[in-house]
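Only one structure is covered here, and it is reproduced in the block below.
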C-alpha cells in the first residue's frame, strides 16, 4: 500500500521541525525567561532536547561508558522521573564547570542560573550580577557561603548572628566551623528590630575575628526584618562580609527595595533564598545571588562534588511554564492577599478582645495576642487549629525555660527574644495562597476559637468558679454543636 504522504505534507513536517528547533535554539541563545509561557507539550520537547545532548542518550552513536559514573539508571520509572537527565550538574569541585559527557545537564544548569538572575531583575534586583541554583536547603546554602569565605579570612572564628528563632540559620554557622555571637533584637513598640549599635560595637572590637555578619529579612512577626541597610554600611566601613538570609523575602516588595538599597549604600556579599518558598517548586533547592560575579564563583568552587540537577530542572520548567507575562502575578497576588489577611485578622481580633501586633515592615507574617486564653492552654489551642486542618499557623507561648541549640542557650525560644509576653498566634500569607483558602482559614479559626473559649468556660464552671473570661457572642461565630 502506497503512502499518501505527499510533497505538501513533507514540507509541513520540515516546517514543524524547523520551528521547534528555532524555539529551542532561540531560548539557548537568549538565556532569558520567554515572554509567553510554554505548554506542557513544549516543556516535554525541551527536556527531550536537553537530554539528547548527554552522551548516554546520543542517537548518532552507541556510547561505551568506561568510567565510574556514566548516567546509568536501573529503574525505568526513576529514569523517566528524571527525563533521562541523570548526570547531575557541575564537576567535582565547581558547580559552574561544564561536564563534557553531560552537555545537556550542563545546559540545564546554565539556564537555571541565568533564569534565576533574570527573575531577580524582574522583581527589582536589577544590580544582581550573578546567581547560582544549588541543590541545598537554605541553611546548607548559608553554610556553603561561609565555607567559601574561610580562606579570605583565615583569622575568623565568629559570625555575628542577629537572633531569629529558627534553628537552621544558627546551625549553618556551626556546620561551617564557626561560632555565633548572638545579638538580641530590641523592642520598638510592637516590633522586634535590629540592635544596630551592638552590632557596630562588636564589629569594631572583633575585626578580623569575624567571618561575616548574618542578617535575616524574612521572619515570623513580631520579629521585623533586619535593618540590612545599616548593617551593610557597618560591614563596608570595617571590611567585613555581609550574608543575607532572604529565605522567603522575594515575596516582599519592601525587602527587595531594602536589599537593593543595602547594596548601594554598603556591602552585601551574598543573598540566599529558598526556591520552594518563593517560586512554588518542590523543596530541595536554593538560589544564591551576588552583586559581583567573583563572589558567586568562589561559592560555586566550594561545593565538594557533583550536584543533583532536580532543583535546577524544576525551576527552569516553572519559569518556562509561566513566561514573563505571568511571572509577577503570584507576587502581586501575595501582596493583595496579605493586606486582606491583615484586615480579616484585625477584625477577628477586635471581636474576641485581642489585638494584632503592629510590625509594618513584615509583609508576610502576622501575630495576634492570645490574652483571652490562659498560658497553660495556649499550645492546646494551637493543636486544635492543626487538627482542624489549619497548617502553618503556630501558637507561641511565653516561657522561662531554656532551649539549647549548638551549645547556645536561649530563653523563650520561638519568640525571638528573652522578653516575656502573653502568648500569640502566628499566621502567614505566603505566595500561592488563594482567596478560598483565606476565607476558609478564617471560617475555621472563628469556629475553633469560639468552641475553645466555651469549653474553657465550662471547665471553669465545673471547678465551681469563674475566671471572668469573656465568651465571644458575635453573630459570625458558630455557636452550635459544641
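Each Cβ is built from the backbone N, Cα and C atoms, and glycine gets one as well.
Given the structure is predicted, the values throughout are model-derived calculations rather than measurements.
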To which of 267, 306, 313 does Swiss-Prot also attribute binding of substrate at the site defined by 91, 92, 99?
-> 306
According to Swiss-Prot, which stretch among 68-78, 79-89, 90-100 corresponds to the feature region 'Phosphate loop (P-loop)'?
-> 90-100
Distance, residue 91 (substrate binding site) to residue 388 (tRNA binding site) (CA atoms, angstrom) | 48
Where does residue 277 (N6-(pyridoxal phosphate)lysine) sit in DSSP terms: helix, strand, or coil?
-> helix
What is the nearest of the binding-site residues 91, 92, 99, 306 to residue 277 (N6-(pyridoxal phosphate)lysine), using the Cα of each?
-> 306
Near the Cβ of residue 99 (substrate binding site), how many other Cβ atoms are there if near means within 10 Å?
-> 20
Spatial separation of residue 92 (substrate binding site) from residue 69 (pyridoxal 5'-phosphate binding site) - C-alpha basis, Å = 12
Sort out the sequence-distant neighbours of residue 91 (substrate binding site) for me: same chain, 6+ apart, CB within less than 8 Å of its CB, listed by position.
-> 97, 98, 99, 306
Residues 91, 92, 99, 306 [recorded substrate binders]: greatest CA to CA distance in Å = 10
